[in-house]
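Here the structure comes first, spelled out in structure tokens, and everything after it is commentary.
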Amino acid sequence: MEAVLRHPSLSRLKPPNPNAQRTPALSITVPFRLRLPNRRLTAAAVFQDQTNPRNPASKGGDDDEAYGEVDRIVSSRTIKNPVFAEDGSATTVTATEYLVEWKDGHEPSWIPAEAIAADVVAEYETPWWTAAKKADAAEITALLADETLRRDPDAEDAQGRTAMHFAAGLGSEECVRALAEAGADVGRPERAGGGLTPLHIAVGYGRPAAVRALLELGAEPEAPDGQGRTPLELVQDVLAKTPKGNPATFERRLALEAAAKELEKAVYEWGEVEKVVDGRGEGKWREYLVEWRDGGDREWVRAAWVAEDLVKDFDAGLEYAVAEAVVNKREAAEGEGKWEYLVKWVDIEEATWEPAENVDAELLQEFEQRQSGVAAGGDAPPPPPVAG
């Protein structure tokens, strides 16, 4: 809040000499001083219209001595002002304006922050940011409910952070919900600090309750930050840099993992991969095209979410087939108590001998149960016929 509170000490705004020559023009410079009462402010206060004068109200005495004195601030808003370069290109500068009430009874006007005395700004801003930086849900709710003021739940500090960012970082589910109920944006990125959304901040600080609340309130789980990272990628980066097995970081890792799990629920539907059929990308962007065991459509899935053994087999060039049953076994050539199994395939006519590690554990268990039944003289179900 330092940047918000360091404004020129200006509590009175003086109009220009009304006898000075007036040249109609359109100005976009800020800051400007209020022309009161012989100028009219536009609602957005982005362009200053100097071509529409108003008749000054009589205050008695010389008009040069007519002042508009601020009574108090009753609302705020964040605006974007255009800035034009010499080459004609345009950018925007974000600024804060305040709706001020005047002691002389003039109707409230929107004034740039830098044109208002620091003590007046502080009187309005300090209660809000004190509550926001503590994630004080009760005080935030009370301030938003104050009908004498119109609080903007998306008010920004100098870094473009809102109260929602602080509530997310401190893990206050109650404060997150109170702000959202008042209309706060649950997905607004901060202007500084990497363009993080509240969801990035909540997961990065290991706040699972805040992550869950933000997702329930509509936060986009795959929105990128300023570096192009999704919230899940950010927490994976943080976890990778947080030491394992260190008592000093044990609780932090637990919190980060809990927050990551909340995100995973929103991003992924868990399913069993039948096989990997293709791959693309490199490094952190590596993805695999997988077939699901339940018959769902093929999908591209990030490498981190595919079982390591499947990835290794695909990268090694191994092919997959669907086994129907194990029909026989024999001791492997290398001996040492190792076995090979004769596997009947669904999509391959000829059965093949495979090492145990290449055969589904459930099929092996079924085969052994059949063999046990035969050895005991029971009626074990026969294996499927083998072509040959």
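Glycine is no exception: its Cβ is also placed from the backbone N, Cα and C atoms.
Taken verbatim from Swiss-Prot:
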DOMAIN    271-332  domain 'Chromo 2'
DOMAIN    321-379  domain 'Chromo 3'
REPEAT    123-158  repeat 'ANK 1'
REPEAT    159-188  repeat 'ANK 2'
REPEAT    194-223  repeat 'ANK 3'
TRANSIT   1-42  transit peptide
>> Give me the DSSP three-state residue breakdown of the repeat 'ANK 2' (159-188), ordered helix, strand, coil.
In response: 17 helix, 0 strand, 13 coil
>> Need one number: mean pLDDT over the repeat 'ANK 2' (159-188).
In response: 96
> When the domain 'Chromo 3' (321-379) is classified with DSSP, how many of its residues are helical, how many are strand and how many are coil?
Replying inline: 18 helix, 20 strand, 21 coil
> In the repeat 'ANK 1' (123-158), how many residues does DSSP put in helix, strand and coil?
Replying inline: 19 helix, 1 strand, 16 coil
